[in-house]
Amino acid sequence: MAPQKHGGSSAPSGKPSAAASLLPVRKPKMEQIQADHELFLQAFEKPTQIYRFLRTRNLIAPIFLHRTLTYMSHRNSRSNAKRKTFKVNDLLLKVEKMKGDQESHSVSAHLQLTFTGFFHKIDKPSQNSENEQSSVTLEVLLVKVCHKKRKDVSCPIRQVPTGKKQVPLNPELNPAKPSTFPSLAVSSNEFEPSNSHMVKSYSLLFRVTRQGRRDFNGLTNGETNENIDVSEEPPARRKRNSSNRDEGDKTFVAQMTVFDKNRRLQLLDGEYEVAMQEMEDCPVNKKRATWETILDGKRLPPFETFSQGPTLQFTLRWTNDTPDKSTAPIAKPLATRNSESLPQEHKPSSVKPAQTVAVKESLSSDLQARKERDVSSEPRQKLRIFYQFLYNNNTRQQTEARDDLHCPWCTLNCRKLYSLLKHLKLCHSRFIFNYVYHPKGARIDVSINECYDGSYAGNPQDIHRQPGFAFSRNGPVKRTPITHILVCRPKRTKASMSEFLESEDGEVEQQRTYSSGHNRLYFHSDTCLPLRPQEMDVDSEDEKDPEWLREKTITQIEEFSDVNEGEKEVMKMWNLHVMKHGFIADNQMNHGCMLFVDNYGPQIIQKNLCRNFMLHLVSMHDFNLISITTIDKAVSRLREIQQKVERDECLAPPSDEAFEEPNRTTSSSSSFMETNGKDRVVENDCVSGQPPKHSKKQKP
């Protein structure tokens, strides 16, 4: 009743109440839209991050090559025409030729250095133009680090001077001829491997000396009277200090490796800028002068070092007698490695000698011509493609139209629309891609594949390995044995765009994964460690008898001193027999004895060990391991084997050995057939170590 009374009030008071009642109704709609948008972003974010990671991983350690796929055959630019004439011996000849060319290039080539200038912009310019210094003295030394001998504390170093040049100081970067710059050549004889066992590495040592300039007051450039200490130094000490080093001179040094200890060339053709380091003011002992690099403790950023100096710029070339060709590859800056396809007028201009530019153009012309030929031979398919992302059957986002055929997730250039759609469907199966025709190109609808099996289908061994194992793989590795069940493999149909159209409602099962890998992981029962793929065929609980264990057992039995030789032989055969078949229970001994007679019966008869074997059976009976029935069966079986051996010997043709030696088998058999009344005597003889007595009766 109260709401009705409140509703009968005046009209002006009713409108604000209606507006107040509508505001809470709009807020849930905006929150729901934002929540749906967040769910949309989360649904597409996880697969996108996964495919971005897989892209980086495939670049480092690819699982397969895209050019080998059927729908990417246009990416394979190689022809198999040379396979018909291919021979394995050609590989060795090719490698030897390449190795010989590299050695000849590295040794026979002369090292030519052309110095552009020495740049040092920290000092303030002098007011007197007459005393302005325009050059510095550069000394180039070839440092040879030799192998250390036993008596040497450190590796001996040999310094070979190659020459001195006057290098311009802070020259203006204007185009100039190469002849205007000082150049220096290092002969190839210095790098000859005549004493290669002595020299370990070769380095170039640059030593720049900048002489001090003095004005009319006798002060060096950049100094004033304020810099002089109040307490003047005595003339004698000042004279003594000036004798060690010229006052005002500055020395800058730098070192670069030419050949390392493995005789690999480290300096290629190109333009270099080396950061120099100033040596501290310290007295040098002329009797034992050695070159040292002493840091001043001031760490400058790299850009500040090369912008202010001191730096030395030079051009390095490996040349032969012909000055127009180079024998070593060119070390180009990083910024120009991918700029070969740009026109010449669009390339940034820089101060380079004409010879260096000619060499770079000659080396890169073949590669550039081949790239242009490959690109021009294939007509480019210009299509405007845009992607439309769907979530809950509603369009959430649409990308801008692109005129290329690159995959948005792995940036692979598919070059054809059919190849792009096939790649998206097979390599990015976490999404569903539907092709929609467009007059100017194509539209691809992207939605989440709800039927995708996101369980781990890779190698289960990788889960238990350390992080980063996938990137540290060096070559092929053995994987778990796998069996794929092919549900259906029909005849390959002709490529058609209709297979990428939107599927019907009854074809949802086609998005499901039909076959999966062997993702089971087994563990050792004794150590609980994962079973590796190479251990799948071997049972860890199976007690085998390796060769080393058999030899160890025989050696230990030979060391026994309280048994005779016959007992040792029976013990060896019995222990190896038990190890091979793995008898571990008492109820297995009856079967083990019969199996032992079948396997080792001929050896027992041949070595005349029948009585020793009888004692072994009696000993096992004393420990309740076998029964009397087993002893009777074993003895009967042994007699059958003995009679068979005798029959074979009678049928065999007589030999010289048969006349020289008596029939041992007959003697042993007659002795074995003695009555049980003599068993005690036999036992006493065997224990005492005496050989068994043979019967004098011989069979006719």
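Heads up, the Cβ atoms here are built off N, Cα and C, so glycines get one too.
The compositional bias 'Polar residues' feature in Swiss-Prot is assigned to 218-228 (among others).
As annotated by Swiss-Prot, compositional bias 'Polar residues' applies to 664-674 (among others).
The annotation region 'Disordered' is assigned in Swiss-Prot to 215-250 (among others).
According to Swiss-Prot, the feature region 'Disordered' maps to 319-376 (among others).
Positions annotated as region 'VEFS-box' by Swiss-Prot: 520-596.
Residues annotated as region 'Disordered' in Swiss-Prot: 651-700 (among others).
Taking Cβ pairs closer than 8 Å, the zinc finger (405-428) reaches residues 47-48, 51-52, 54-55, 58, 66, 71-72, 74-75, 378, 380-381, 383, 385, 387, 399, 435, 442, 444, 495, 497, 500 in its own chain, all 6 or more past its ends. As annotated by Swiss-Prot, zinc finger applies to 405-428.
Across the region 'VEFS-box' (520-596), the DSSP tally of helix, strand and coil residues reads 43 helix, 2 strand, 32 coil. When DSSP labels each residue, the zinc finger (405-428) comes out as 11 helix, 2 strand, 11 coil, counted as helix, strand and coil in that order.
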